[in-house]
Amino acid sequence: MGNNMTLITEFILLGFPLSPRMQMLLFALFSLFYAFTLLGNGTIVGLICLDSRLHTPMYFFLSHLAIVDIAYACNTVPQMLVNLLDPVKPISYAGCMTQTFLFLTFAITECLLLVVMSYDRYVAICHPLRYSAIMSWRVCSTMAVTSWIIGVLLSLIHLVLLLPLPFCVSQKVNHFFCEITAILKLACADTHLNETMVLAGAVSVLVGPFSSIVVSYACILGAILKIQSEEGQRKAFSTCSSHLCVVGLFYGTAIVMYVGPRHGSPKEQKKYLLLFHSLFNPMLNPLIYSLRNSDVKNTLKRVLRTQRAL
C-alpha cells in the first residue's frame, strides 16, 4: 500500500439521482411516512402499556417489534431526508459505521422477534391448555432479551471486520444510507471475508428463521383445520394473518436483497427494495396489526373516549 494513499474520513450518500423538484417532493412524502411510522408504532407501544388486558405474551412481543421499527426508521430515515435537501452533505466515517452497525442490529433483532412471535402463535393454537405454563413471563422476557443480544453480537462481528478496512477508492456511497454491501465496494483491500460473512449471516438469520416460521405455520394450519366451529377457525386465522403479512413483507424483501443472486439483479432495484424494507415496512406494521386486531382497536377506542371525557 503506497504511502501517498489518501484515506477517506467521510462519505457522500448518492441516494436517488433525481431532479431537485422531485427530491423536494420525496422529502415531503418521506417526512410524512416517517411521522406516521413514529406515530403508529408509538401508539401500539402506548396502548399495550396502558391497557392491562393487553399484558399478554403476544402483545409483549408486539411492543418489542414496534420499538424495533421505531429504532429502524430513526436510524436511516433522518439521514435520507438530510440528503434529499442537501445531496452533497457528507456523513462522517464514525457516523457511517454507527449507522451500519445499528441497521444490522435492528434488522437481525426483528428477524428473531418474528420467529419468537410465530412460536407464540404456535403454542397458543396447537397447545392452548399448556400455553400459560410454556409462555411464562420469564420465558417471554428471556426470548425478547436474547433476540436483542444476538442482534447486537452478530452486528458486532460485521463491524469488527469492517473497521480495519481502508477506504481510498471513492467517498461516494451508491445508497441512501450506509448499507454494508455498498460500503464494502469502496474498500481498497480484499473484502472477500466480509462478503462471505454477510452472505453467511444473511442465510443464518433469514433462511433458517424463515424456515422455522414456515414449519410453525404448517402446524398451526393443521390445528386450525381441526377446529370444529367456523367462528373458532375465523378467529384463529385472524390472529395469525397479521403476523403472516408482516413476515412476508420483511423476509420477502430481505431474502431478495441479501440471499438472492449476486449477479443479474440491478443495483437500483435492490436499493428501492431496501427503501421499502426500511421506510414502508415499519410504517405498515402497526396498520396491519391494528386493522386486523379487535383488541388493539377496542383499546384505542377506549383511550380516545377517555380523552374526550377529560
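Positions of Cβ are set from backbone N, Cα and C atoms, glycine also.
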Ask   = Can Q233 and L300 be said to be on one side of the membrane, going by the domain names in Swiss-Prot?
value = yes
Ask   = What is the disulfide partner of C96 among C168, C178, C188, as given in Swiss-Prot?
value = C178
Note = Sequence-distant contacts of the transmembrane segment (97-117), meaning Cβ under 8 Å and at least 6 residues beyond its ends, amount to 58, 61-62, 64-65, 68-69, 71-72, 75-76, 79, 91, 143-144, 146-148, 150-152, 154-156, 158-159, 162-163, 177-180, 183, 201, 205-206, 209, 212-213, 243, 246-247, 250-251, 254, 278
Query = Non-local Cβ contacts of C96 (disulfide bond) (under 8 Å, 6 or more apart, same chain)?
reply = E10, F11, V173, C178, I183
Task = Please indicate, using numbers and ranges, the residues of the same chain that are 6 or more beyond the transmembrane segment (149-169) and have a C-beta under 8 Å from a C-beta there.
result = 1, 5-8, 11, 93, 97, 100-102, 104-109, 112, 180, 183-189, 191, 193-194, 197-198, 201, 205
Note = Given the topological domain 'Cytoplasmic' (118-148), its same-chain partners at Cβ distance under 8 Å and 6+ residues beyond its ends are 57-58, 60-61, 64, 109, 112, 212-213, 216-217, 219-220, 223-224, 236, 239-240, 243, 247
Request  = Mind telling me which of the recorded positions C178, N194 has the densest Cβ neighbourhood, counting other Cβ atoms within 10 Å?
outcome  = C178
Ask   = Given the model, what does the mean pLDDT over the topological domain 'Cytoplasmic' (226-239) come out as?
value = 79
